[in-house]
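Colleague: Per TrEMBL, the feature transmembrane segment maps to 38-58, 245-266, 287-313, 325-347, 354-376, 388-406, 457-475. Sequence annotations record features per position, and here TrEMBL assigns region 'Disordered' to 515-535. Positions annotated as domain 'ABC transporter' by TrEMBL: 562-799.
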Amino acid sequence: MKIALKPRQGYFKSVYNQVSVLLKKNAITTLRGANSPLLRIGASFGFILIIFLVDIALQADMADSELFQNVFDPEVRSLNAIPDCSEDLYLKNSDKKPCYNLLYAPQSNPYVKEVVESVIVSSGSRPGRFLGMETAAEMDAWLDANKERAQATVFLDVEMVGGKPTGIDYDLQTNSSVRYFKNEFQSPNFFSQVPVQVAIERESTKMLARYKYGSSSSQADISWSVGVNSFAHPPMVIESRIPEFAAPFLYAVGMFNFVATLTALVTERQTGQRQGMRNVGMLESSFWISWYLWEVVTNFMSSTFIVLFGMMFQFRIFLKNNYGLTFFLFFLFQMAMSGFAFIFFAFMRKPQSAVSIGFFVYFLGYIMTSVILSGWPYDGKYEEGLNYVFYMILSIFPWNLLAKGLQDFGDATATKESPGIRWNERSSYCVTDKFSDVTFTPGVYTKPNCSMPLDEIYSWLAVEMFILLLIAIYLDHIVPNEHNNYKPFYYFLDPHYWFPKKYNGEEHFGQIVSDKQASDASPGAGERNEDVRREEDVLADKLRRIVSGQETTETEDERTAMAVFGIKKTYASPFSPCGTKFEAVKGVWLSVGEGQIFCLLGPNGAGKTTLINCLTGTLKPTCGDSLMFGYSVKYELDKIRTFLGVCPQFDTLWETLTGREHLEIFATLKGMSKAEAKLEAEQKLEMVQLSKDADKPVSQYSGGMRRRVSVAISLIHDPSVIFLDEPTTGLDPVTRRHMWTVIQEAAKGRVIVLTTHSMEEADILGNRIAILSKGELHCIGSSVRLKSNFGSGYKLLVQLSKERIMREPTHAEDVISKLNALVGYQPIDQSNDTLTYSLSHFDADAARGILEKVEKAKAELGLQGLQLNLSSLEEVFLNVARGQTGAVVVGGSTGVLEAEG
Ligand SMILES: Nc1ncnc2c1ncn2[C@@H]1O[C@H](COP(=O)(O)OP(=O)(O)OP(=O)(O)O)[C@@H](O)[C@H]1O
Ligand SMILES: [Mg+2]
């Protein structure tokens, strides 16, 4: 018989409610957390400020150059001298071999020789800096073998008429490498080519004149001097270089959100908060929608701030381009980056790694964007050959699209006169035609040789932000989570994923029944404790009846409101050789009746938490299943979660949320309306005596107060089954006793499973107690039953009169022998005036009989007092933990007295 489930909200209503409360949680944790929005706004502001300062510095640097100054009367530059290559301005000459001002050919021609010698003399150079050769080919070969060692070469072809030189053809070659030296680009034209040219022409003309007019003194007749200068000019406008270097900084602003999102998500997973919310019925869709919307909100804010700060600092790219265009570029870029954060989340376990991942992604992006800024592959030729492949691959990465977008914005506002890009031009400004083929319209920005316009960038980013989210959700399902739960990679193809299979007791439990039969037949099965075996048999019987389709009675349903059928949990250890497996829970069968508190005891590492996690659906058991009020944990977990309350062993609370906010959030996730959740939070806070501190953030709570919040969360919305994993750890004795009352109150009509290391607690609270050790149940039953089975039974303390012992030294011996005669026992301990008798393995009636006999003889024997004690649960625990089932140890001392009769 299944209990009726509480009426549930419709799917869309619960998603709506859950998403709103999760968004509220994100907003509060962000507002109050270390990752405050101030930091985000600060990052936008800080990076824009850096860009501003770098721009100012670059402009100041450029202002030194003559180009940017007002030149009214340019100086004439004399060009007479050929510069000496040793100045090392135009030649690298790094290997320090001799360098040459000029190579010339053909050296065997006497007229050529004459010209070159005059050049050397007139330019005041050293003759060693001029190298003669025979042919042009020889010079080329020399240049090829001696890179950067000659400034220029000249080949002179002397025309001869009647044995006299009448004209000269010459070829001049110069080293055209432009060198950047002391903030200036040294133009080879000015600095080497023109001087060489002028010298050669001057000396050739002189030589020809000499032969033509037959005068050797005619040199002085021709004067030849050349000077060059530029026009007078106004200063060149200093252009902002922002588009060239801003991309990496603006990209860095986006990375802040990436790291913040990744950290928050992984922290929620690592602390168990996500699992905690799942346990109360948080839907996966609510989880993802809430995070996605949260990203929309934060990215909207941060993109707005980037654009606003950019305008504030008067950046042309923000002022002249359409506001919507710049905003969308940042917003969509950041949304796509959030998609990447979701994908990384699927693989990450530790929030600390988020920063390292952030650095890695930033570095990767930095390198890629430098390529994009060089103009490839988003150019007019993008469709040719391999270009297209790179075009597609590089567009997958949002930072590349950001860089391209910023580059276009920068180009469109390169000068004061540039018009910028308007909203309706977001696609048309970018044309694939070459510059020469484009007709430019004044006042409209057109970019030739361009592909990937803004419009296309937005489409890529928008598609990416959805696809990356879908991939992230898929990965979240198939990558093993912190509890090693995952679905097969083809899970979405399985029709049962979309339309869950109706759970069929017969089919489902048949395997468990046959496994049980096999394990009963195995050697060693008979060594199990009698009560444990009986429990197993009763439950196996119930299973068999379910399998054969028989109805269960109402009393049985009540007795086994929760029934655990052979739960096994094996952890595969990734560190042990050959993937050794560790069985943490080895086939546990137990039942808890309605209204009962079931205490699970056991030493550290016994498997209590593992068992509870299997029962709450946090862990998937390796074998077995359990029924809670008729619902199977394996197949109907979502239904069970509507009546489940879980207090995990370790508090999974948000440091920045208050106790009240925690309770309200969990109540809403469980399906309560806003008003109901408020009331429920108030009640539960009062129940655990936290009303006074309800509005303090959890970070200011003591360990015990946190524990009480966790217990209160587990009691929200009247759950029918409550699991409390060490609920009272860290509570002071007064609060602990109060908590016992709370738990006892809560037990009415419900099932409570509780683990504890306090024997007193188990003794007081537990209707039934089981001791788990090394994954196996060693005993199960009421406290009294365990004590009589595993404790030393009853202890009779007989108090003698101190005075009589003083008066009669043999008094104690007398009493011992008389009592031996009366009840047939010897004391196990004798200290001063107290004799201790251990009445082991007697039931309560027999013990009482003995007590009565001794009571009657009290006066006669001169006894001062009598006390009958039951052995403690602690003793039972120690016995079981030491593996001494059935044997009796008293205080770990002396011997054991067996009854004689
Ligand atoms: N994720 C895991 N992977 C591998 N082994 C695990 C894992 N979790 C628990 N174990 C092992 O399973 C055993 C049972 O652990 P469990 O946490 O259930 O013990 P417990 O009874 O709750 O102990 P405690 O009283 O200390 O809380 C331990 O030996 C533990 O080392
Ligand atoms: Mg535990």
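Placed from the backbone N, Cα and C atoms, the Cβ positions cover glycine too.
What TrEMBL says about a protein is an automatic prediction, not a curated fact.
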Colleague: Please give the average pLDDT for the domain 'ABC transporter' (562-799) in this predicted model.
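Modeller: Taking every residue in the domain 'ABC transporter' (562-799) and averaging pLDDT yields 91.
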Colleague: Quick test of the contact rule: Cβ under 8 Å, at least six residues beyond the ends. What residues does that give for the transmembrane segment (457-475)?
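Modeller: Contacts with the transmembrane segment (457-475): 284, 288, 292, 328-329, 332-333, 335-336, 338-340, 342-343, 345-347, 395-396, 398, 401, 404-405, 426, 492.
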Colleague: Looking only at the region 'Disordered' (515-535), how are its residues distributed among DSSP helix, strand and coil?
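Modeller: Residue counts for the region 'Disordered' (515-535) by secondary structure: 16 helix, 0 strand, 5 coil.
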Colleague: When you scan the chain for residues with a C-beta under 8 Å from the transmembrane segment (388-406), skipping those not six or more beyond its ends, what do you find?
Modeller: 243, 246-247, 250-251, 254, 317, 329-330, 332-333, 336-337, 340, 365, 368-369, 371-373, 376-378, 382, 451-452, 454, 457, 460-461, 464
Colleague: Checking distant contacts: for the transmembrane segment (354-376), what same-chain residues at least six beyond its ends satisfy Cβ-Cβ under 8 A?
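Modeller: 244, 247-248, 251-252, 255, 258-259, 262-263, 266, 340, 344, 348, 387, 390, 394, 397, 399-400, 402-404, 407.
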